[in-house]
Amino acid sequence: MPQSMTNAFWHNFLGHTPNWYKKTILGFLVINIVLSQVSPFLAGWALIIEFIFTLAMALKCYPLQPGGLLAIQAVLLGLTSADSVYHEVLANFKVILLLMFMVAGIYFMKDMLLFVFTKILLGIRSKLLLSLLFSFVAAVLSAFLDALTVTAVLIAVAVGFYAVYHRFASGSGHGNDHDHSADDNVHDLHREDLDTFRSFLRSLIMHGAVGTALGGVATLVGEPQNLLIAEIAGWNFIEFYLVMAPISVPALIGGLLTCAILEKTGICGYGAKLPDSVRQILVDFDKKETAKRGFGDKAQLLVQAVVAVVLVFALALHLAEVGLIGLLIIVLLTAFNGITDEHRIGHAFEEALPFTALLVVFFAVVAVIHDQHLFTPVIDYVLAMEQGAQAPMFFVANGVLSMISDNVFVATVYINEVKAAFDAGTISREHFDVLAVAINAGTNLPSVATPNGQAAFLFLLTSALAPLIRLSYGKMVIMALPYTIVLGAVGLGSVILFY
């Protein structure tokens, strides 16, 4: 209990986070004031490093609060403006719509997803085959849907599996309220199996998450920056696929081979198998659910399955923006499954809205990068090189910058600079196409290195699943490292060989 008002304010500041973390954030705020007076450029780079720190410490404190304080200070210090932040948010409004509605739509589909994936998980005993399936299916889906949507599905499935076993391990009855984020009631007998199960889920989720990048690089609709680059280059769906195939196909093969090697060797946190005791619990759960499933439950599953088909076709044919399709899914699922209570509907939005707010804070950091021209020296350096070396260097530069910033922003900056060079007659149309391919590959493949680069990875890191399976920023970086090396090497090699 705080003994004074000063102690009370300190206790309330960032809540239950450790004192060293609170002092670090305050230190950042003080340092930024000094740096902004010396060099706004340096202050901008300091802000990027500080924001990455808040992401890395996501399990200590949700990054929205410390990151938000840093973003507010950046505006107050003049490193960017409220108008610039608004412009960045507006430019990414499609992503915000997606998070608001599509993730909530997936929430209302979780019974069907858990049903399908339970059958898959229990039907395939080989962890290697299961991992390859997760990675390949995620890649195929991401090529036609959206990486965030696919990640939301993976998260919903993993949370469902985890909750089933955690309830059993805690001795909680099926009908009772249960907090699967608390381990206080987990019996000692089940703790080892629970830890192994966490490791099992971590590896599957990371294989699936990287799979979204493998598929995302291949098609026009795979990632938001693909659409942007294709629009400027004038490529349609088929042209985009064909021009990217010399990179995307080897990357997919390399990614799947990496998946297999990781599961065979067990390095970097992979290789954990589903414990027999956990499998039995899931088998029993599936039998109980099947036995008690009445006509009402079956009707709900059927509705969810039909709406899932509608979702796939609507996204693949791009009938509307992804977020609006998400709203369509919410309306269809709640209307035909009788979910009309406002509080029940509200639960669906709990997962995505904190992350949506965090993403807006991230866009404030992107606004600082833009206004302070933090990436300009790198761009100028690459464009000053001889043409033969530009494509590989564009791939490397885009890859490195996408590891610390949003890959959509990096792609936007680079493709606009290249377009300006083409319009000025500095480069030919053929060379412009080569650089556009290098930019697209560079922002898609190496950006799996950290959660900063891809919105889907950042969403996974800050989701309700991450603390359950002990998936921290550092753990994600370590688990992504083999993929980063392979995809970076394959991508760079393909750019050099084929372009």
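Backbone N, Cα and C define each Cβ position, glycine as well.
Feature annotation from Swiss-Prot assigns transmembrane segment to 38-58, 62-82, 89-109, 128-148, 149-169, 204-224, 242-262, 310-330, 349-369, 393-413, 449-469, 478-498; the stated evidence is sequence analysis.
Using a cut-off of 8 Å between Cβ atoms, the transmembrane segment (128-148) and the transmembrane segment (449-469) share at least three residue pairs, counting only pairs 6 or more apart in sequence. By the count of Cβ pairs under 8 Å, the stretch nearest in packing to the transmembrane segment (242-262) among 149-169, 204-224, 349-369, 478-498 is 478-498. Long-range contacts of the transmembrane segment (393-413) within its own chain (CB-CB distance under 8 A, at least 6 residues past either end) are made by residues 48, 52, 88, 91-92, 95, 223-225, 228-229, 362-363, 365-366, 369-370, 375, 378-379, 382, 385, 435, 438-447, 449-450, 452-455, 488, 491-492, 495. Contact counts against the transmembrane segment (89-109), taken as Cβ pairs under 8 Å, peak for 349-369 among the stretches 62-82, 149-169, 204-224, 349-369. Outside the transmembrane segment (449-469), and at least 6 residues removed from its termini, the chain residues within Cβ reach (under 8 Å) are 52, 55, 58-59, 62-63, 95, 99, 147-148, 150-152, 154-155, 158-159, 162, 166, 180-181, 198, 201-202, 205, 209, 212-213, 351, 354-355, 358-359, 362, 402-408, 443, 476-477, 480-481, 484. Under the criterion of 3 or more C-beta pairs below 8 Å, with sequence separation of 6 or more, the transmembrane segment (62-82) and the transmembrane segment (349-369) qualify as touching.
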